[in-house]
Amino acid sequence: MYYLKNTNFWMFGFFFFFYFFIMGAYFPFFPIWLHEVNHISKGDTGIIFACISLFSLLFQPIFGLLSDKLGLRKHLLWVITGMLVMFAPFFIYVFGPLLQVNILLGSIVGGIYLGFIYNAGAPAIEAYIEKASRRSNFEFGRARMFGCVGWALCASIAGIMFTINNQFVFWLGSGCAVILALLLLFSKTDVPSSAKVADAVGANNSAFSLKLALELFKQPKLWLISLYVVGVSCTYDVFDQQFANFFTSFFATGEQGTRVFGYVTTMGELLNASIMFFAPLIVNRIGGKNALLLAGTIMSVRIIGSHSHTALEVVILKTLHMFEIPFLIVGCFKYITSQFEVRFSATIYLVCFCFFKQLAMIFMSVLAGKMYESIGFQGAYLVLGIIRVSFTLISVFTLSGPGPFSLLRRRESVAL
């Protein structure tokens, strides 16, 4: 009943919905758009993704520091929203034609735009709304659930629209960006509050200091969580980059594969949303560290399992996505707020969970692209899966806070 009356919960919930609706028009079908519409090779696709990662590196630490400096002011979100309105014109009239003229130039321009609005923009939005959730007393994970639903609905719609005319998908994204602007306009985060609450969310500018933020890098636990991100989260993102092309290869035609991919993505994201609703309760019970380890375990199963040979197996493995993302996202913020000062939450999130991941992806994307061409998707996925399992096991001992062994001991003591 409380959530029904919490205006900011609905405003930011629907902001997540439409933002990830736009992302759903881009991310799942981007490899297909590159390969089937623009006839880009697997190797060149790796270069494009590497450029996106490169420019994301420039924006993510800046966005992190800027987000903590701005607190709950919406300046950065306005810039991201304005660029999203240009989603369709950019893809249709700028990015696509440039890729045909010069692959490197197109990759650089695309990397700047996509790195800004998605790879750096998405975590900046998540970090902002996580701060707003603490100010407005609602669970971040439940607001983030709207994003899963938005992605799911768009994936199904875009899967159909893409096979009719791929440009329809991009115009749909630009239209949704206009709705984002309206939601941002009417959301209210600057209401009067006590200094205690403002400090808790890092809303006071005096609570933020660049010098203190840089002091974070002297803490070993920051580097250890970064090790988890590079070895676990980064490996998964590299795996997912060209998974759509691997998925469609199991079907008679590319159009059939694209449609089925859209349906499966929709089903997975709707299930993802249902898990996301309960994720805060589970993560609060098991702790941030265990949530991250659980996400790593599920992702490892999916990657290694993709060394499969039938469409049914690939469909089943695709739906595992519904479990991994809720525990990764909610778990990472739980870990950050329990192990570090909350006034630096955005900086830590965008540097550790985003910047270091993108840094590793510059090299891993190119390496994965070469593996896809030399040993095929299945062989490459087996290699990525082994890397993932190794780093998940290492993280059991390197991440701070109560781990799985502490959880087992606690259960045994309760049983006694």
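Any Cβ shown, glycine's included, is placed from N, Cα and C.
According to Swiss-Prot, the features are:
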- 1-13: topological domain 'Cytoplasmic' (TOPO_DOM)
- 14-34: transmembrane segment (TRANSMEM)
- 35-45: topological domain 'Periplasmic' (TOPO_DOM)
- 46-66: transmembrane segment (TRANSMEM)
- 67-75: topological domain 'Cytoplasmic' (TOPO_DOM)
- 76-96: transmembrane segment (TRANSMEM)
- 98-118: transmembrane segment (TRANSMEM)
- 119-144: topological domain 'Cytoplasmic' (TOPO_DOM)
- Glu126: site 'Substrate binding' (SITE)
- Arg144: site 'Substrate binding' (SITE)
- 145-165: transmembrane segment (TRANSMEM)
- 167-187: transmembrane segment (TRANSMEM)
- 188-211: topological domain 'Cytoplasmic' (TOPO_DOM)
- 212-232: transmembrane segment (TRANSMEM)
- 233-262: topological domain 'Periplasmic' (TOPO_DOM)
- 263-283: transmembrane segment (TRANSMEM)
- Glu269: site 'Substrate binding and proton translocation' (SITE)
- 284-290: topological domain 'Cytoplasmic' (TOPO_DOM)
- 291-309: transmembrane segment (TRANSMEM)
- Arg302: site 'Proton translocation' (SITE)
- 310-314: topological domain 'Periplasmic' (TOPO_DOM)
- 315-336: transmembrane segment (TRANSMEM)
- His321: site 'Proton translocation' (SITE)
- Glu324: site 'Proton translocation' (SITE)
- 337-347: topological domain 'Cytoplasmic' (TOPO_DOM)
- 348-368: transmembrane segment (TRANSMEM)
- 369-378: topological domain 'Periplasmic' (TOPO_DOM)
- 379-399: transmembrane segment (TRANSMEM)
- 400-416: topological domain 'Cytoplasmic' (TOPO_DOM)
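Distribution of Swiss-Prot features across the structure.
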| residue | record | DSSP (3 states) |
| --- | --- | --- |
| Glu126 | site 'Substrate binding' | helix |
| Arg144 | site 'Substrate binding' | helix |
| Glu269 | site 'Substrate binding and proton translocation' | helix |
| Arg302 | site 'Proton translocation' | helix |
| His321 | site 'Proton translocation' | helix |
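The Cβ neighbour count for Arg144 (site 'Substrate binding'), using a 10 Å radius over every protein chain in view, is 27. For the topological domain 'Cytoplasmic' (67-75), the DSSP counts in helix, strand and coil order read 5 helix, 0 strand, 4 coil. A straight line from the CA of Arg144 (site 'Substrate binding') to the CA of Glu126 (site 'Substrate binding') spans 8 Å. Using CA atoms as reference points, the recorded sites Glu126, Arg302, His321, Glu324 were checked against Glu269 (site 'Substrate binding and proton translocation'), and the closest is His321. Most Cβ pairs under 8 Å to the transmembrane segment (379-399), among the stretches 46-66, 76-96, 98-118, 212-232, 348-368, belong to 212-232.
Distant neighbours of the topological domain 'Periplasmic' (233-262): 28-32, 35-36, 42, 45, 49, 155-160, 162-163, 299, 303, 306, 310-311, 314-315, 318, 324, 328, 353, 356-357, 360-361, 364-365, 368-369, 372, 377, 381, 384, 387-388, 391; these residues of the same chain sit at least 6 beyond its ends, with a Cβ under 8 Å from one of its Cβ atoms. Below 8 A, the CB atoms of the transmembrane segment (14-34) and the transmembrane segment (76-96) form 3+ pairs separated by six or more positions in the chain.
In terms of DSSP secondary structure, the topological domain 'Periplasmic' (310-314) contains 4 helix, 0 strand, 1 coil. Listed in sequence order, Tyr236, Ala295, Ile298, Met299, Arg302 are the same-chain residues six or more apart from Glu324 (site 'Proton translocation') with CB atoms under 8 A from its CB.
Within the set of recorded sites (Glu126, Glu269), the lowest number of other Cβ atoms found within 10 Å of a Cβ is recorded at Glu126. The Cβ neighbour count for Arg302 (site 'Proton translocation'), using a 10 Å radius and every protein chain shown, is 23. Outside the topological domain 'Cytoplasmic' (284-290) by six or more residues, the chain places 331-336, 338-339, 399-404, 407 with a CB less than 8 A from a CB of the stretch.
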